[in-house]
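According to Swiss-Prot, the protein carries these features:
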type	residues	note
BINDING	Asp546, Ser549, Asp552	Ca(2+) 3 binding site
COMPBIAS	1-11	compositional bias 'Polar residues'
COMPBIAS	84-112	compositional bias 'Polar residues'
COMPBIAS	1022-1032	compositional bias 'Acidic residues'
DOMAIN	451-576	domain 'C2 1'
MOD_RES	Ser1005	phosphoserine
REGION	1-61	region 'Disordered'
REGION	83-125	region 'Disordered'
REGION	298-318	region 'Disordered'
REGION	615-639	region 'Disordered'
REGION	1002-1066	region 'Disordered'
Amino acid sequence: MSTHSGDSTKQQHYRSSDPYSGRRPIPTIPKFFRDRKQRAEKKEEQQREQTENEKLFDPITQRDVEINDVHFDYAKTYDDPSFTVPNQSIQGSSLPSEKPYLSSNQPTNVYKQHQDDLAPPEADNQITRDVPISDEKTNILFFPSPSIDLSYVSKEVKQKTGQYSLFAYIFSLVISWFFTHSIIISAVLPLAISSCMYLWMQNIYAVAKDAEWGAEQKRGEYARLNLIPESAEWMNHLLEKVWPLINPEMFSSVADQIEDVMQASIPSFVENVRVASLDQGSHPVRVVSIRSLPSGEASESFSEKQASEAEHKDEPEQQRKQFYNFELCLAYHAKPVEDATSTSARASNLHLRIVFYPGIKGTVGFPLPIWVEIKGFVARIRFRCELMPEVPFLKNVTFSLMGLPELNVSAVPVAEGGVNIFGLPLISKFVNDAISAAANEYVSPKSMTIDLSKTLLGDDIKKEVNALGVIFVHINRAEDLSKQDVNGLSDAYITVGFHKFGKPLYCTRVVKQDLNPIWNEYAFIPVFPDQVKAGEKISIELWDSDRFSPDDVVGRTKIGLHLLIQDSGKMHERCDTLTGISEDTSLPGRVFYEIGYFPRAEFKPSLKTSGHDITIPRSMRDDPAFQNPHGSLDNKEEEAAVTTAPDEEYPSGILSFTVHQAVNLQMNHPTGTFGNVSGNYNTSPAQSVGDVTAEEGSELPSSYVCVDLDDTLVYKTRTKVFTSNPIYNAGSEKFVKDWRNAMLCFTVRDFKLREHDSILGVVNIPLATTLTTSSQLTKWYPIQGGIGFGSVRISILFRSMKLKIPRNLLGWDIGTLEFMDRQIVAEGTGSVSDVSFSSIRVNIAGVKITAKSSTSNSSSTAEYHVRSRHAVIPVNNRYRSAVVFEFRKQLQRKHNVFAMVWLVDLEDNVEQNIRVPIFTSSKPAHVLQNMIDFDHPDKESEFKIIGYLSTRICFHRGLDDSHEQLVDNDDEAAIFETYRCLKSMGLRRGYVKDMKNPLADQRASLDESRETTTASSKFESDDSVDTEDEETTTDRTPIECTQTVSMVDPNVNGDIQGRNSLGTMNSNERNLEQEFISLGYASKNRPKAHAQEGTNQPGASENVEPVLADDSDAVTIHSNISSDDQKRKLVNADDRELEKRLHRGPYNSKIVRTGEWVKDGAKMGWRNLRRKFALNGRQPDVETEISK
């Protein structure tokens, strides 16, 4: 589908397997109003051009068609349908007889013209009439058979055949005997002549019958070509019998979609809304008409994506692809109810039961149940069926509405024990608009495709990512920008996104008061097919950040997406002049950047496996109950996705995740027994435990799911109110820099009023230890660590991109910086007095620590000591942050002596000795904000190097306890609470350590041993190695791990590591676990990081010695505290956090939790107020399926 929201009539196409996401948001009522207004404006414009109807692309017939929103009277259409039919088709017509208007004896052109005259709606009222069929249902031909009647001929021939044959026999017998007097001739000749006469007469009878049936076939062909509808009373009669037998659960997806639309469109005074049920009743929908549509042009109408796929398919497969198109007109009118207070009487019609929760957001709310009855509707739908030779003979079914359906609903409150004496017109209109907004998503040219071959098999698993590739942008710098502020400078930042889409997908940091900013930042933008179809362009916009007014556009530049795709796989260095809204308008300034498009990488055959879970014992792997579901596999790419592990050669790629549904969600309510225990033999009954006994109820959680990727919130689903089995079907696709160290966490939360949303449970998925034998996995995961119970079904899929980025860019954006030896050494180029100060203030994105001067053992250096409790500094935006060392004296507050190192130059979990210049500058703001190269500075950089600073630091990936001081909003608080939850369960040990795919190590050792064996065999005999056997071994060995592998995660505490089903480990497992426990094995063979050519590495020293960080327990802000009292306080703090999360202790009281919510709300409100007056860029929002 197109992501350009400005044109609602643009062709959009969905598949039933596509979940809701930021690219496919839930439709809302305001968006529906905008789309309807745009269609009305376009129709008025066409009418001004003497066009009757709106002409749009029909995805069914692949032609341009004229569509109209339905404005029929649904009651009249349902109760008194009438159709225009030819007079001669009506038996017993009272009209005077006349010459048939349509006859098979007419010439072809006249015959077709008369067919068109009889085809509705251009019918001639002189030769047609409207026939009501409500009183007496009948199957009527809406187009007459040609006026050819051979029944009297057939009857006459059948009667005279015997007489003529007997006459011929007697006549030939007399003649033959009179002339020959031969007994043989007189016996044979009359018999032959009479037989020929009989067969000839029978042939005339058969020809007459063929001509009569040929006329009917000809009528059907012309009726189909002229789009003539046929009566569907047989189908209505069938619906009357089948309709009450349909399971209402079949309409659950429709109810879920209506609920999503209302949830995304509710006003501010309504907190939540829930569709409790949708029932079809016993009164069926009527099929008004059905007609076949032409499909001959289907083979010539491929979309761009289908055309590209067709190039890789066999020609016979393309030739045998067939389509069948038809149009269906439906009408419904509610049956009158005699007793309006009778629930059973009202339930006979199509209805919904909706519960609104009005109130104040997060504070007050109460349920308001509403009974919604569908009074009637009229809809016209077109279907396109793709046929295939295999069972079930239907591949894809595409449907599209030919105009917005006419709909009317009524809503009344559900008053038990009372009489409903008033209706709710506002709610009726809201529900009506919500249903119309949902239907508007399928009005032509939009459409939906359902893969019936997979639906019948229950296949909803995604086995290919939607993204075609990724755009890699290196934003370097800008020069000579225009003056935007009163001081003649500019607070510049850059956003990267798609031009037509408009929404920024990446935003750089703000460089304050500078006309020549240097960012040196990197952006990764996934590219999807609809963006290629829409002719999108990559837009790089430069903005000026203002504190009290909207940001101003400094300029922009664009580059066509198709140009990058044509020259893919490499970076293009560009220097573009800024332009205005029009590309013809030139603005001051230039922007320097590199950009390139990198497509998907193919699956590597050498990584192919059986796809089995290697943690399961080998004897049980072939059991279907222990195999991962993968659905139907339609092509080699889908088969490779479920049997091929991700490629470590291309660690960067697209990660697709989908949250399908959750089951048996339940909350644990810890309460006291409120009883007395007396006597020695007093026993208490067992408590009630087990599965959930109800699917709906006020005691059940209102759940939603937050998705964290590398400790960053990337997705949030909608809230499903008061249900134990919520269906989300929501997901997204995100770019992952390094799948080997990526971690995906799903947090299921319960929406609460007047308190923080509780954690029901979490699911933590490290990709390296999860995607061991395949790139796709769909699995039920139990949630744990929270106040609830249940399971959630999750699908993940990773697809590598042909992109290799420098090692220093593969890390996480969130982590902690640690001073490993607690020492900072300053060395002066001239005299040590130039760098000898009382202290050094270390500043990282607003987090400051102080290093005091200490006694130096050398007269040429000055040493500074970092306290242990200040040795770890939390970092939230690592790739846009720098470590600034400011040299200070006690009596002077401001100094002009600095040193700095950018965190983009560091690798994750690698200790590095850094040596950076100590400088003084007349323009310190320019040097400290811009990423400059001290060896090759720009023209605006003015500094003097007076010494060098040396220290040993390490950037640890992932959250730490010290990040609590950086929490500024609710989303960050939720992420930090999830981290605390994982840590309390033993699934996190401080920072995240390097992870490794266990089969990758086995492959590496196997390849090494195979190379050794092959090399040694060459000295013995050249013919000793059989190529075929070698290939067989190469393909077979990686398929199955010879023993059960223990999936050891270095981030999990050792006491909870997994074991096999027998509780013991063999020698191979023990060796493998020891290899994983040692981080040195995971990274000791990694090559030394080198900077990418052309990138600046400011302050990078030549004698940097990367050393892998120790794998002992992660160093946190509390790791080096020696005081027993302080350690006791920290233990108590952890206990309080556990009680708070599990609602135990004092937090079991609602009043205490509400007080905590008020206190944290005030704190967050103050921080948000301060952030309002800060200079920030247009950062992308957290993705959700609810459009904003």
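Backbone N, Cα and C atoms are what each Cβ position is placed from, and that goes for glycine too.
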Residue distribution over DSSP helix, strand and coil in the domain 'C2 1' (451-576): 15 helix, 56 strand, 55 coil
Chain-internal residues near Asp552 (Ca(2+) 3 binding site), provided their CB is under 8 angstroms and they sit 6+ positions away: Gln484, Trp543, Asp544, Asp546
Fewest Cβ neighbours within 10 Å, where candidates are the binding-site residues Asp546, Ser549: Ser549
Helix, strand and coil totals (DSSP H, G, I; E, B; other) for the region 'Disordered' (615-639): 10 helix, 0 strand, 15 coil
Extra residues within 8 Å (Cβ to Cβ centroid of Asp546, Ser549, Asp552), Ca(2+) 3: Gln484, Asp544, Ser545, Phe548, Pro550, Asp551
Mean of pLDDT values spanning the domain 'C2 1' (451-576): 87
